[in-house]
Amino acid sequence: MAHTLGLTQPNSTEPHKISFTAKEIDVIEWKGDILVVGVTEKDLAKDGNSKFENPILSKVDAHLSGLLAQVSSEEDFTGKPGQSTVLRLPGLGSKRIALIGLGQSVSSPVAFHSLGEAVATVSKASQSTSAAIVLASSVSDESKLSSVSALASGIVLGLFEDGRYKSESKKPSLKAVDIIGFGTGAEVEKKLKYAEDVSYGVIFGRELINSPANVLTPAVLAEEAAKVASTYSDVFTANILNEEQCKELKMGSYLAVAAASANPPHFIHLVYKPPNGSVKTKLALVGKGLTFDSGGYNIKTGPGCSIELMKFDMGGSAAVLGAAKAIGEIKPPGVEVHFIVAACENMISGTGMRPGDVITASNGKTIEVNNTDAEGRLTLADALVYACNQGVDKIVDLATLTGACVIALGTSMAGIYTPSDELAKEVIAASERSGEKLWRMPLEESYWEMMKSGVADMVNTGGRAGGSITAALFLKQFVSEKVQWMHIDMAGPVWNEKKKSGTGFGVATLVEWVQKNSSS
């Protein structure tokens, strides 16, 4: 990697690895640093003698001569969501026992993922190297596999801290986790491996988002994509197009955005093909790849513009490339997947596009640029045309596209836009299995009136009213009617302001969706 502005280089770090083991043992017999018990409010019910009615809590409490009941009462632990207490009590094989509140019940992937994050939190706080997790209430047989996957994912992601740009960083101490009461055997082990593969894909996505724009230029993003392909060269090929090659493909919309930057654009195309068997379905995942967005001549100014966070404007590409990494590990059969990113910067210079310019996309449609800060859709336009030309059956694009979607849905969920009910059902089901939140928004065709231009086929933004919808309608102009297509506006959930970190949102849903379209 060449020297960057400020001479900044990230510390080379590998993701922290954890050994997961599924066990069916008596919790009293477990030996290690911290035993974590997930507890609902109902589990804490006591009989007339102030003894726990729950079998697991009763057994542990009896082994501790009533200390667990006594201390949990003194700590005012009621099992409410997010509540936790860590106790150091003599008499168990574990050095500590932690009670984690689950509320009324725990059943959804989101709830189990949150429990996993809580396990990570108490393990870090106690500097434990080994942990076990068990629920006071048993898990239903039909939900054990999905639950164990979400739990493991929560632990891996909960332990993640990005210390690459700190002069001193500390790695988590947790190395081994035993998961008790969720079953054992090949199916459980497969689910645990799947959870790890997806989680490390999410972490890769987070690291891409967190990388500052003076480090993660379009060229470096392309390098990172090429590394994924070379790591899994048995199933991946990479084609990185330079500016001249993009000109030959008439990508005028994409290149107009890139024109102002000293860092040239790089168009990324990875292709996954299964190692064995025939291909039944061809998919494309298209991610917005603005490694920095100044807004161009419509520069981002004023309170709330968050220009300092515009390194995350490549969050869509982070989701796509994180999914590529996970799919390289999982190797789903029967499905071919194209990963496409039009990477560039939106900067200001004498060579940049101006408000009022008319540009031409690779499908021949002309666009009047009435706002240079509505640039993501211009890059996606040519990326979507390119994706359709690969002969794919379905396309999902992801982008931090509009503030309007954040106003509508907040920061916990993304909006989805598609004319296909079938595709909507597929992707929403995948998001529910992965624990990510999506909400289907309308594609109101009458709003296209706001996108009409007097001098070109369309303008690139229709104003504030219905802004996320008109943005999706704009993208629709560059997708073949023969291809099922969905747009995901992930501007809200791309960033966790409390943790000051990218989330890797979208990776898990994309992998689940690809899996569902495979023949596995």
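Cβ atoms are placed via backbone N, Cα and C, with glycine included.
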Swiss-Prot annotation, Mn(2+) 1 site containing K288, D293, E375 - matching residue among D313, D357, D397, D421: D313
At the Cα level, what's the spacing in Å between D313 (Mn(2+) 1 binding site) and D373 (Mn(2+) 2 binding site), rounded? 12
With H, G and I counted as helix, E and B as strand and the rest as coil, say where DSSP puts D313 (Mn(2+) 1 binding site). helix
Determine which residues of the same chain, besides D293, D373, E375, have their CB within 8 A of the center of the CB atoms at the recorded Mn(2+) 2 site, and list them by sequence. V257, L290, S294, G295, G296, N298, K300, D313, N346, T372, A374, G376
K300 (active site), number of other Cβ atoms within 10 Å: 17
Just to be sure I understand the packing, how many Cβ atoms besides its own are within 10 Å of the Cβ of D313 (Mn(2+) 1 binding site)? 26
Can you list, in sequence order, the residues of the same chain other than K288, D293, D313, E375 whose CB lies within 8 Å of the CB centroid of the Mn(2+) 1 site? V257, G289, L290, M310, M314, N346, G376, T379, A399, T400
Which recorded positions are spatial neighbours of R377 (active site) here, meaning Cα within 10 Å, out of K288, D293, K300? K288
Chain-internal residues near E375 (Mn(2+) 1 binding site), provided their CB is under 8 angstroms and they sit 6+ positions away: V257, L290, D293, G296, N346
